[in-house]
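Engineer: Next up is a structure, given as structure tokens.
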């Protein structure tokens with residue numbers, strides 16, 4: 001067993017990727033991690049953290065209520081968005097430009113086999129990232145994700161949504177941190193099925209939110225620290241080449 005692969009996370013900073021392509025990538029990496037742990041002897045692959053942006057898309061989790069999508073799918077097409085029903089936990093949410101989406105493909109057998117602890121660790125990575133930008137992120141009892149407030153700006157509001165799926169302790173799906181997101185897109189849904197709280201972004205909470213690319217750095221650093229793992233970061237074409245070699249899936253560069 002390779003000790004380097006045992007505790008290595010490859011963070012792939014990909015830029016903008018379609019939801020369909022990112023989902024296919026997740027499935028292929030998850031399949032590869034599961035196959036590696038079934039091998040005799042096990043041959044652990046590195047864990048993978050996909051960091052990217054999506055074009056406008058709404059997703060509904062397997063336990064979600066379609067009534068929380070407040071407009072028709074035809075109306076979403078009119079505003080340039082798509083809609084997908086998917087297998088993660090959680091309700092309806094939005095992904096789009098200005099939002100950092102993170103998909104950890106981790107074999108929790110090599111960290112800890114506790115899904116609640118895993119979610120709290122994801123939250124902690126985002127709380128620490130928010131703090132890097134002068135924003136105090138918090139948890140809310142009974143609700144997954146990272147929140148801001150209540151404070152003089154208003155009541156509790158969600159800055160980062162989370163929803164995960166796990167198969168044989170290998171994770172997929174993950175988190176969506178609003179950086180400079182156009183929050184008007186959330187007017188078309190009841191975000192995460194919670195109708196008594198709003199949403200926010202780093203840009204709404206601070207004068208210096210950075211860009212999505214900027215925020216990838218601290219997120220990657222905090223993942224390495226919290227999972228006690230060695231992190232290798234790959235950007236752009238290097239990340240796409242790595243993933244194509246790993247999965248056979250082609251990842252188009254933004255704008256191509």
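Placed from the backbone N, Cα and C atoms, the Cβ positions cover glycine too.
Bear in mind that the values here come from a model prediction, so they are computed numbers and not experimental data.
Per Swiss-Prot, domain 'BPL/LPL catalytic' is recorded for 43-231, and the stated evidence type is sequence analysis. Feature annotation from Swiss-Prot assigns substrate binding site to 88, 89, 90, 91, 92, 93, 94, 95, 161, 162, 163, 174, 175, 176; the stated evidence is sequence analysis. Residues or ranges marked as site 'Lowers pKa of active site Cys' in Swiss-Prot (evidence: sequence analysis): 158. Residues or ranges marked as active site, acyl-thioester intermediate by Swiss-Prot: 192.
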Engineer: Taking only the Cα atoms, work out how far residue 92 (substrate binding site) lies from residue 158 (site 'Lowers pKa of active site Cys'), in Å, as a whole number.
Structural biologist: 14
Engineer: From the Cα of residue 158 (site 'Lowers pKa of active site Cys') across to the Cα of residue 90 (substrate binding site), what is the distance in angstrom?
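Structural biologist: That comes out at 14 Å between the alpha carbons.
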Engineer: Looking only at the domain 'BPL/LPL catalytic' (43-231), what is the mean pLDDT?
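Structural biologist: The answer is 91, the mean pLDDT of the model over that range.
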Engineer: Please list residues from the chain of residue 175 (substrate binding site) whose Cβ is under 8 angstroms from its Cβ, counting only those at least six apart in sequence.
Structural biologist: 101, 102, 122, 126, 145, 160, 161, 162
Engineer: Rounded to the nearest angstrom, how far is the Cα of residue 158 (site 'Lowers pKa of active site Cys') from the Cα of residue 88 (substrate binding site)?
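Structural biologist: Cα-Cα, rounded: 19 Å.
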